[in-house]
Structures are given as C-alpha cells and as structure tokens.
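Marked as transmembrane segment by TrEMBL: 33-52, 59-78, 90-107, 119-137, 157-177, 189-212, 232-256, 289-310, 316-334, 346-366, 372-391.
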Amino acid sequence: MALIVWTISGVFSMVGAYCYAELGTMITKSGADYAYIMETFGPFMAFIRLWIECMIVRPCSQAIVALTFSVYVMKPFFPECEPPEESARMLAVCCIFVLTFVNCWDVRWATKVQDVFTFAKLLALFVIIFVGAYLLFTGHVEYFTFDNTKSDVPSIALSFYSGLFAYNGWNYLNFIIEELKDPIKNLPRAIAISCTLVTVVYVLANASFYTILSPEEVLGSQAVAVTFADRIFGSMAWTIPVFVALSTFGAVNGILLTSSRLFYAGACEGQMPEILTMIQIHRMTPTPAVLIMALLSMLYLMSSDIFALINYVGFATWLSIGVSVLCLPWLRWAQPNLPRPIKVNLIFPIVYLLATVFVTVVPMYASPVETGYGVLMISSGIPVYFIFISWKNKPRWFRKLMGGLTIILQKTMVVTRPKSSSK
C-alpha cells in the first residue's frame, strides 16, 4: 500500500503541475500561484495564500528538513535508540544558522552549496535503487504484500500527507516563468521530465527499502536509510546517512535561497513589509527575507515531531494549492477570451480539486489537533490583512511608527531597495 501511495502522490503532483502550466503561460507575472489567485480572486485571497506560504509552508518545511538532517547526522552515534530530541533540535538550529549566514553573505556561495548537495542526494538515491534492484531480482520479495495494511479512509488520507510532502516543490517551477526562454514550449517539458523522474526515483527508492526491511521496521525507524544501510553495507553503512544528511542540508539551503522571490512578489503588491524586498548594500543579498525565514523556522523547531509538522504543512499546502488550481476552471468561465497558449482538459483540474478535498477534509477527522492548528495558523492571517493591508486610512502615529521601524531595520541590516524597485 505504501508504494501505491507514493505512486499516486507522484501522479497527483503531475496533474497539479499540468494545471499550473496553463495558468503559468496565461498569467506570466512573478509570484506563480500567488499571482494567479490575485488575478482571479483578488487581494484578500492572494494575501491568505501568501500568508500560508510565508508563515507556514516555507518555514515549517525548512524545520522538517532540518530535523531530518539532524536525525541522520546523529543516528550513527545512537544505533540502538532514537537520538535525544533536544540534541536533534539544537543541531537543526545550527544547520539553519549556518545556511542563513551563507545566504546572507554571498548568493554565489548559496548556489554552489545547492549544486554540490543536490549531487549528494542523487548519488545516495541511485545507490539505494541499485542495491534494491539487485535484491529484488535475487528474490527478496517477502515484504511486498498487503498484510496488516490499514485500509480505513482517515489513515489513507493522512498517509498522503507524508507522500505529497516529499513531492512538494513542483509548484515552484512557475516562479521562474518570467526568466524562462520560450515558456510555452519549455515549461510543460520541464514539468513532464522533472515530475516523472522524481516519481520514478522515489517509488524505486522506497521499493528498495522493502526488499530487506519489513513494514514495521520502516514505520518504526526515524531514519529508514540508516536502517537499510546497516543491513546491507556493514562497516560502510555510515556512507548512506552521510549522503542523506548532505542532501537534506542542501534542501534547507534551497528553501532559504528561493523564498526571497515570494517575499519580493508580495511586497511589490503592497502585501508584505517593504523591508523584505530590500538587499544588503555590500553583499547584494536579500538579508531581511532570509533572516525572517530562518527565525520562523526556528520557532517551528519547538516541536521535534516531524510527522506532526508534516500534518501542519500538509493541510495548509494542499488547501492553498487547491485554491490555485480552482483559478483554472473559474477563469475558463469568467474570462473565456483570455489567451491560453496551453489549454488543459478540464477533467484534470476537476480530478485534482476532488483529490484536494479528500486530503484536506478527511484528515480533520483522523488528526483533529494538527489540522486544527493548521486552520488556526491560516485564520491568523485574516486580522493581519484587515489591519495592515485593507485599512487604508491608518492614523498618522501608526504610519510614523511603521516607517520608523523600517528605517531602524534598514540601518541595522544596512539594506536598501533594489534599483528596479526604487521610487
């Protein structure tokens, strides 16, 4: 059942990416799904999408990946038990702190880090897949059964949160639409190649785990790749957790590296503080955006339960992406004459929206506490919108206070507006 969930999660992501291809070539503004919701449903819904992404999805995802990094680093030192929670959190904070410094110091350093650690991720996955293929062809198939599989609807819905979280990021392809050469041709191609490749690699990697590990061992392990390596590689087992740790280190860097684009798009629409569009005058790095992302991630590290964090971010992510996909049929009805270089069959957004309802509504019953926190975090954006965005005639003292705070932060971080956004 786990492999079926992984496969369906990949197909689900491909369908969503296909829908985004039409939206991305029809609305070519920076900001991807934020821009689509702004054009379709107006500033309030767009702000809620921005709030979800900036305050929940990005920092929470970064906290999850940083915790995963710390678990894989520490697991070889605690082979017979789980690593201490406090130590894991502290190491995750150190990971975020180091990468925050790198991204504030030099963007070129950050991109080099991304290139190197992406290679580490692919190498680890291909080693696992190669070993798994060998074991599979030599008859290790005893765990490929449906024994003791949970088939109740709430459990299946929650399992998709973990599966879909691994594929999270496919919607970020549209953030580079303005910089893409011939997007009508290259965006669908990039979506098809990347989503198919990731799905195949993830399914094969997980199939490899089941050639030697039972479902109970997979579920009971905080670091499945470590458990797999211990069984297969013996004295060289340390190599796999090292590569996985490097991979997750690079993933944390990737979130920091790309978040400034979203902050910039929101601030250009007047929906984020102006300070978040500014760059450090000596280093030319988006220091304020990087720092706020790092601080929010550290707040989420107050919880060391990775699966609880996945439930928080899963509910918020798929609710907001569902609204983005809803833009497609809505615009077909409201603005049928808009130029659509890519036009998808309406069955795709309809299927995607039905699946989104399933993975957002059913978990409310199965995991009410985590989804309840998700609803509260999303709802917290409503008063923020009406106080800071919608309320135009703010008193003079309020405007003076906010302006003074911006100036203090500018001087503290030595930042200014980029020339392209200066008035």
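Cβ atoms are placed via backbone N, Cα and C, with glycine included.
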Check the transmembrane segment (372-391) against each of 119-137, 157-177, 232-256, 289-310, 316-334 and return whichever range has the most CB pairs under 8 Å.
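Maximum Cβ contact count belongs to 316-334.
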Which of 33-52, 59-78, 157-177, 289-310 has the most Cβ pairs closer than 8 Å to the transmembrane segment (316-334)?
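Highest pair count goes to 33-52.
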Which residues, given as numbers and ranges, are at least 6 beyond the ends of the transmembrane segment (346-366) yet have a Cβ under 8 Å from it?
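Contacts of the transmembrane segment (346-366) (Cβ under 8 Å, skipping residues fewer than 6 from its ends): 12, 15-16, 18-19, 153-155, 157-158, 160-161, 164, 311, 314-315, 318-319, 321-322, 325-326, 328-329, 332, 372.
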Sequence gap of 6 or more, Cβ distance under 8 Å, 3 or more pairs: do the transmembrane segment (157-177) and the transmembrane segment (189-212) meet that?
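Counting Cβ pairs under 8 Å, at least 3, so yes.
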Spell out yes or no: are there three or more C-beta pairs under 8 angstroms between the transmembrane segment (59-78) and the transmembrane segment (119-137), with each pair 6 or more apart in sequence?
no
Short question: which residues 6 or more past the ends of the transmembrane segment (289-310) have a Cβ under 8 Å from it?
54-55, 58-60, 62-64, 66-68, 71, 85, 88-89, 92-93, 96-97, 100, 103-104, 161-162, 165, 222, 255-256, 259-260, 263-264, 276-277, 370, 413
State the non-local partners of the transmembrane segment (232-256) in its own chain: residues 6+ outside its ends, Cβ under 8 Å from one of its Cβ atoms.
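Tertiary neighbours of the transmembrane segment (232-256) are 58, 61-62, 65-66, 68-69, 72-73, 75-76, 95-96, 99-100, 102-103, 110, 113-114, 116-118, 120-121, 123-124, 127-128, 131, 212, 223, 225-226, 290, 293-294.
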Which residues of the same chain, at least 6 past either end of the transmembrane segment (33-52), have a Cβ under 8 Å from a Cβ in it?
20, 23, 27, 171, 174, 262, 265-266, 269, 271-272, 316-317, 319-321, 323-324, 327, 330-331, 334, 378, 380-382, 384-385, 389-390
